[in-house]
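What TrEMBL records for this protein:
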- 1-31: repeat 'Solcar' (REPEAT)
- 41-182: repeat 'Solcar' (REPEAT)
- 71-95: compositional bias 'Polar residues' (COMPBIAS)
- 71-112: region 'Disordered' (REGION)
- 103-112: compositional bias 'Polar residues' (COMPBIAS)
Amino acid sequence: AGLWRGLGPTLLRDVPFSCLYWLGYERIKAIAVARSSDGRLSPVTSFFAGAASGTVAAFVTTPLDVIKTRQQLRTSSHTSTKGPLSQDVPSQHASFRSERMPSRTQVETSGASAVIRATGMPTGNSWRIVTNGYPLGTAAEILHVARTEGVRALFAGVGPRLLKVAPSCAVMICSYELGKRYFETRSNRHCSDA
């Protein structure tokens, strides 16, 4: 079960990300090709088109990435977690509940503090995520986080995510376009030699 934790929000993040990325890239590419003198896309243009479309897609899907990360950081009922944030954290204490937490002391002594700190959830007089032993669905968890922690919490880590995604999308699509051009040129030479 732990291996598949966060699969739902991962799929809900990656499919829209790919749709937004390719839609944005193809639109930018069409505009750039129409404006170019030779009707071709330059490597620099493909690099920046990939970075721009990757940035937009990553920003829009960040809330799903945040929920995925939170779900993956939770412990299951069959394991315990040991890490730098805390001593052994028995998983039955690390599940998220809907009751109001009256004090930071209760959080620190409950064993859930490591999970709460690791996921960026506030401690003290705040809320934990409803489970009663079962995790919330992705949509319900997004609404819960937005209501209890604010919409900004759904964009936690957006800066580092954009710093990772934009260059990787730029390099990937630029490499793809260069590779495609190389093989088209090679294929054309081979056909003309025959």
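Using the three backbone atoms N, Cα and C, a Cβ is placed for every residue, glycine included.
In the predicted model, the repeat 'Solcar' (1-31) has a mean pLDDT of 89.
For the repeat 'Solcar' (1-31), residue counts in helix, strand and coil come to 28 helix, 0 strand, 3 coil, using DSSP.
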